[in-house]
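These features come from Swiss-Prot:
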REGION    1-32  region 'Disordered'
REGION    46-125  region 'Disordered'
COMPBIAS  93-105  compositional bias 'Basic residues'
COMPBIAS  114-125  compositional bias 'Basic and acidic residues'
REGION    137-170  region 'Disordered'
DOMAIN    169-540  domain 'TTL'
BINDING   Lys301, Gln307, Gly308, Gln350, Arg351, Tyr352, Val353, Lys363, Phe364, Asp365, Thr406, Asn407  ATP binding site
BINDING   Gln307  protein binding site
BINDING   Asp486, Glu499  Mg(2+) 1 binding site
BINDING   Glu499, Asn501  Mg(2+) 2 binding site
REGION    565-704  region 'Disordered'
COMPBIAS  576-588  compositional bias 'Pro residues'
COMPBIAS  596-612  compositional bias 'Pro residues'
COMPBIAS  616-629  compositional bias 'Low complexity'
COMPBIAS  654-667  compositional bias 'Low complexity'
Amino acid sequence: MALHPQAGRPHRDGSEAQAEAAAQDLGRLPSPSKVGAAVCRIQGLGHRAARRPRRGIGTTSASRVPRPGALMPATRNRPRFIHCRGQPPRTRVSSKRSKRSRIHPCHTEVPGWTHEKQMGSSVKERLRPELSQLDQDADDLEEEEAARLPVTSPDGLLMEGDKQPSPGQGPFFYIGGTNGASIISNYCESKGWQRTQDSHCEDYKLKWCEIKCRDNYCSFREGQQLLFQLPNNKLLTTKIGLLSALREHARTLSKARMLPSTQTKVLKMEEFFPETYRLDIRDERQAFFALFDETQMWICKPTASNQGKGIFLIRSQEEAAALQAKTQSIEDDPIYRKMPFRAPQARVVQRYVQNPLLLDGKKFDVRSYMLIACAMPYMVFFGHGYARLTLSLYNPHSSDLSGHLTNQFMQKKSPLYTLLKESTVWTMEHLNRYINDKFRKTKGLPRDWVFTTFTKRMQQIMSHCFLAVKSKLECKLGYFDLIGCDFLIDENFKVWLLEMNANPALHTNCEVLKAVIPGVVIETLDLALETCQKSLHSQKMLPLLSQRRFVLLYNGETTDLWPRLASSRPLNRLPNPNPNPNPNANPHPHPHPNPHPHPNPHPNANPHPPRPTCEAASSALSSARAAISERPGARKSMPSRGAPVCTPRKSRLSDSSGSSIAESEPSLCSGSLEGSRDTAREPSLGPPEEEREEEQRSTSHRGS
């Protein structure tokens, strides 16, 4: 039997004669309020086929009552809910539009209804128009209600399953955690952005998380989004990571100083970093316990912790022997050797600075900031912070850690903190006035020592640390990071770097912090936005309109041959307003940004020379790599993790003359560090084996 000519278009079949005939055969309509087994009596198919589940039809409920006059299949027993295995194909469930859930199945043939027989069933011809009419009525009702409802979802959030926001929504931002959340939220909302609570949202403009998550970096859209914290910033922000980076950098610089053409004075690690040993390495552990004596005090710290957690002092042979026995027993335990994730966190022991400079008899340190505003090219800044004081007077023989550690987490444990918390934080201006009054004449210090010598020394140390890890950091356009750096001043006014912290504390629980922290956060976001946009559109970085209090430490635009983005995705670059048809019009374009532009002598010359392309960078790198390979015993460079595929960066290689290997540290007498060139060119050798093991054990942490 041939199929009905209208069967291929069920939604357009309106034959009343067929509908009346089908209604007589199907019988009465089932009551949706009753519960029972719905059995369709179809001639020629048998009871087994009639009992088959109706996949693709969905479930029936009391809230979905058939329209009057709609045709339904006859049932012998009471109707019941039909159990469907899995979700029907191409089924869309409407949500948040009314209390009635409507299911729109695709018009496919389902078992037990219309295709039990492959060809020529008279039942099929009668049932198709009625089922099609039900679908058409539901679609009409759906469109009518949708036309009366607003398009946007509540609170401006993405509805479940949507990948892109509806017109008029977004951009979105996400904040994970409470550290500085109010400041960041107010900043983003002032720009018209909408906050989302969905941590898995991929359509965001800014994501600021306290704890790093691998998924954030896997779904990151380079050049389109901003993401707080570099993926492997632990090279700077963990004790072992910073120690290993400084040691490797020192070895590289010592080899460079052996060359006759490199006589530049560089900063030595022992000049600013206290003597430190790793307890997770047997040789270093034995060396420490061999040199320990009770005349010196040491401090033991976990490698990836902050807020003073897990820190204790070592002052006697008994304490040193107990620590040695504990570490040795753990290392020899076969259970912990087979279960690395249960092994205790790696630790370092650091020589305690026993003669710190005191403010009114209290120990203090200085929190400053290193901002990596852009990673392609690197734009690194220094920012002033504040001084942190202890509540109690300094006593080197005291066992109370609150007198040795200055962070707010430790000071809050004191019962006097609520009354005296304002005295635990000083502004840099307050510190400068105090040192001018108390120590300028007695110590022979220059005027405003805090803002001259001390500030330049902090900038020099930060630059040294950044250059030690620059070739290993994972960089993508849109990554940015704010790192808290803690400095200590001893009574001889020597500056020591204690540690660097990821996700620095941004709380504002006292007046000084209320005056300092918001400015740091706002300028951080401003610089991250501006540098990202300028890099994306191939514009000169300098001058930066959003730069106010931060000082530029490193400008990768003038020192690195850096590629734009991966060649797999082109960028939307700004058109050149002044094309240069004559290739000889400007034969010597200067690639360095000039904050004081001069008139262009050639009207057709391009005032903004193009940046080095991937091909030009590859050519320069090939010649440099060939020169290196000719030297006896030269090591071949390894590709950097996270670097784009198109070309490696020249900053990881040294030229044939060797002049670029010498590190150019900012001088203490220099007036500005802007545009300081990075001439340290060492191959990226990757982290050592013990550092890779520590990477698996280290975990993210909250602000300190």
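Placement of Cβ uses the backbone N, Cα and C atoms for every residue, glycine included.
These figures come from a predicted structure and were not determined experimentally.
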ATP binding residues Lys301, Gln307, Gly308, Gln350, Arg351, Tyr352, Val353, Lys363, Phe364, Asp365, Thr406, Asn407: largest Cα-Cα distance, in Å and rounded to whole number: 19
Glu499 (Mg(2+) 1 binding site) to Gly308 (ATP binding site) - Cα separation in whole Å: 12
Between Asn501 (Mg(2+) 2 binding site) and Gly308 (ATP binding site): CA-CA distance (Å): 12
Largest tally of Cβ atoms lying within 10 Å of a Cβ, found at which of the binding-site residues Lys301, Arg351: Lys301
Nearest recorded site to Val353 (ATP binding site) by CA-CA distance, among binding-site residues Gln307, Asp486, Asn501: Asp486
Candidate nearest Phe364 (ATP binding site) in space, where candidates are the binding-site residues Gln307, Asp486, Asn501 and distance is Cα-Cα: Asp486
Per DSSP, three-state class assigned to Glu499 (Mg(2+) 1 binding site): strand
Distance [Cα-Cα, Å, rounded] between Asp486 (Mg(2+) 1 binding site) and the residue listed as 'protein binding site': 12
All-chain count of other Cβ atoms within 10 Å of Val353 (ATP binding site): 19
Least surrounded among the binding-site residues, given as Gln307, Thr406, Asn501, when other CB atoms within 10 Å are counted: Gln307
Number of other Cβ atoms within 10 Å of the Cβ of Asp486 (Mg(2+) 1 binding site) across all protein chains: 21
Gln307 (protein binding site) and Lys301 (ATP binding site), distance between Cα atoms, whole Å: 11
Per DSSP, three-state class assigned to Lys301 (ATP binding site): strand
Shortest C-alpha distance to Asn501 (Mg(2+) 2 binding site) - which of the binding-site residues Gln307, Arg351, Thr406: Gln307
